[in-house]
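The feature domain 'Acyltransferase 3' is assigned by TrEMBL to 1-305. Positions annotated as transmembrane segment by TrEMBL: 23-44, 64-81, 101-121, 128-149, 161-179, 191-215, 221-239, 251-268, 288-308.
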């Protein structure tokens, strides 16, 4: 997500019919929200063993408290008018607009509420039918927002990203794979990599066709080929590793970053504003601004996570700030 937003800020689409570099690069990194949702579904499989209702309530609390706090902090810093309008504040909160990446939390909450229903599906066929229905509904909504009701409020961000079905089969796929470890064990990385390559080619082709309709759909995470790429990325993550692959150790940088991932997600745009301003002082080619902004944003947000954890303690920091 940091890479997506860093690319958007530092390399805006110039417009036109050609497949611009910004749209092309987006095809390679359009999977994070789908992957987050799928992995959330995969790990929530434990609800089967400890009670779906209790698990759902606990997860809801763990997600909503940091989200509401991040929303209030961001609103106080950048949306002062909201604080004087309680009604507007609530509307922005549940529309995911207070922080522009809030749509992920809103979508996740929808899947969370649906979890007990999804857990009632017993057969593989029932899960498959439900996922296909979700994909079809999502595709109809996504493409209609551009070709049918363009200019309508529902076609604008973040409203077009709020319905859970536009992200299908993300969470449901992860949940099902979590319930079927036998299927995960049979995944082969070779065929999945081939599928990922084919999906990326299709994604580039669709983006080239859609580029004339604007950057929105061509670079969308919810267009069909982006969904296909995301499915392949999730399967690649799930596929068992063999040979020289080793488990991560506590010294691996990805582990502390992963432990702070929700905090980074909620607050990175605030720090990206600073990183983007700093990038203008680079005495180098403009293309280097992209990695500079991405890396500096990650560093600043992670350092902020460390400070919050040190000031509040690990338990309070996790409960109130998601770190």
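Yeah, the Cβs are placed from backbone N, Cα and C, and that goes for glycine too.
With pairs at least 6 apart in sequence, the transmembrane segment (288-308) and the transmembrane segment (191-215) have fewer than 3 Cβ pairs within the 8 Å limit; the two do not touch. Through the fold, the transmembrane segment (251-268) approaches residues 1-2, 5, 63, 66-67, 70, 74, 99, 101, 104, 297-298, 301-302, 304-305, 308, 321-323 of its own chain, all at least 6 residues removed from its boundaries and within a Cβ separation under 8 Å. Each of 23-44, 64-81, 128-149, 288-308 was scored by its Cβ pairs under 8 Å to the transmembrane segment (161-179), and the highest score goes to 23-44. Per-residue pLDDT, averaged over the domain 'Acyltransferase 3' (1-305), rounds to 84.
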